[in-house]
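Pulled from TrEMBL:
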TRANSMEM  12-32  transmembrane segment
TRANSMEM  44-62  transmembrane segment
TRANSMEM  74-94  transmembrane segment
TRANSMEM  131-148  transmembrane segment
TRANSMEM  154-174  transmembrane segment
TRANSMEM  195-215  transmembrane segment
TRANSMEM  221-245  transmembrane segment
TRANSMEM  265-283  transmembrane segment
TRANSMEM  295-316  transmembrane segment
TRANSMEM  351-370  transmembrane segment
Amino acid sequence: MQKQEDYEIAPLELFFDLIFVFALIQLSHHLAEHLSWRGFAETATLLVAVLSVWSYTSWAATMIPVSRATCTMMLLLVTMLGLIMNAAIGSAFSVAPWSFVLPMLCIQIGRTIWTIINAPTKDYKRHFKALLIWLLFASPLWILGAQADSDTRLFWWGAAVLMDLLGSYLAHPIPGYRLNFEQLPFDAEHMLERYNLFIIIALGETILMTGASIAKAPTDLMTIFTGSCALLITISLWALAFGSIQKHAEAHAIVTINPVRISHYAMNIMTIMVACLIVLAVGNENVVHHPVGHAALSTGLMISLGPGVFLLMQGLFLKSMLNIKSKLHWFGGILTGLSGLWILILSPYFVIFIIGLVLACFAFLDWHNWHKSME
């Protein structure tokens with residue numbers, strides 16, 4: 001396999017990421033304001049669309065270095081259109097569907113055509129032509145949804161998102177052509193680092209949401225306590241995300257003969273992990289604002305299943321990609337996920353304390369086990 005030249009993450013890539021800080025805040029606010037099954041479905045639909053823009057653009061900028069003028073211009077244009085798209089997240093399912101759909105389709109189709117023209121190999125050109133076909137088939141669903149009333153919009157956009165997820169999972173196959181990923185040069189280390197940085201953005205969004213909740217709540221010991229527990233959960237998830245799993249992934253990315261495969265799988269895992277952090281952020285906000293008394297089961301599940309599934313996705317990545325069976329991530333994910341059931345008999349402040357304590361213990365065990373293995 002031909003090795004792609006490695007290069008460090010450019011400041012422009014980090015600048016591009018800033019519009020997605022705004023996107024995650026918008027998505028969290030949308031979920032908080034529409035806390036129902038439909039609200040979850042709407043938020044998930046918008047999240048997949050937003051992450052598709054980020055992932056495909058970042059993938060293109062990994063193949064074609066940002067130092068090239070043509071890639072610089074592409075990223076800046078996507079940043080401009082992406083800001084308009086993200087600004088419309090809150091009203092996409094109400095009064096401004098076109099403000100979300102039109103920039104998104106312009107980015108997806110325009111950037112894919114640009115990638116076909118500038119792709120470094122013939123195999124990449126064929127693959128992105130296949131991606132373009134999938135995008136063109138999905139585009140009418142987005143357009144029909146934008147034209148439909150708000151009640152049926154979710155159906156059309158949900159179908160478009162499912163098509164995008166299916167295409168991404170299958171690597172956008174078309175009849176008569178099947179891509180052999182092992183033939184493709186790709187800087188997996190660079191792409192994995194890009195994913196890690198996006199996870200930091202999502203973790204940062206939980207901190208921003210917690211901080212805003214503390215600022216709006218009464219300044220008393222209960223607010224400080226629940227806010228501190230929410231921050232402890234975020235710190236523990238950060239430690240687990242950048243502990244042993246990161247070191248194992250970095251080592252594998254250096255020696256793998258299929259860098260595209262590990263990068264593609266990490267993209268799918270990251271989508272679920274970011275969704276978990278958005279759910280957690282909204283759950284934390286609910287607990288900070290209503291720390292005592294009876295709370296809905298949904299609040300307990302948001303602050304437990306969010307981090308619980310986050311850990312399970314890490315365990316799945318370790319097992320599927322690196323063939324590492326991490327009992328810590330599997331057991332930790334299940335135990336954390338079930339901890340939310342305590343809200344049926346305990347006040348929210350005590351439940352968030354239990355979850356924070358459980359995650360902190362698993363984060364410490366992960367740190368201890370890794371350093372012990374290195375001795």
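One is the number of the first residue shown, and numbering goes on along the chain from there.
Every residue, even glycine, has its Cβ placed from backbone N, Cα and C.
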Counting only pairs 6 or more apart in sequence, are there at least 3 Cβ pairs under 8 Å between the transmembrane segment (12-32) and the transmembrane segment (195-215)?
yes
Counting Cβ pairs under 8 Å that are 6 or more apart in sequence, does the total for the transmembrane segment (351-370) and the transmembrane segment (265-283) reach three or more?
no
Quick one: do the transmembrane segment (195-215) and the transmembrane segment (154-174) have at least 3 Cβ pairs under 8 Å, skipping pairs fewer than 6 apart in sequence?
no
Taking 3+ C-beta pairs under 8 angstroms (sequence gap of 6 or more) as contact, is the transmembrane segment (44-62) in contact with the transmembrane segment (221-245)?
no
Counting Cβ pairs under 8 Å to the transmembrane segment (154-174), which of 74-94, 131-148, 221-245 comes out on top?
131-148
Chain residues in Cβ proximity to the transmembrane segment (131-148) (below 8 Å; excluding those fewer than six residues from its ends, i.e. six or more beyond):
56, 97-98, 100-101, 104-105, 108-109, 112-113, 116, 154-157, 159-160, 163-164, 167, 172, 174
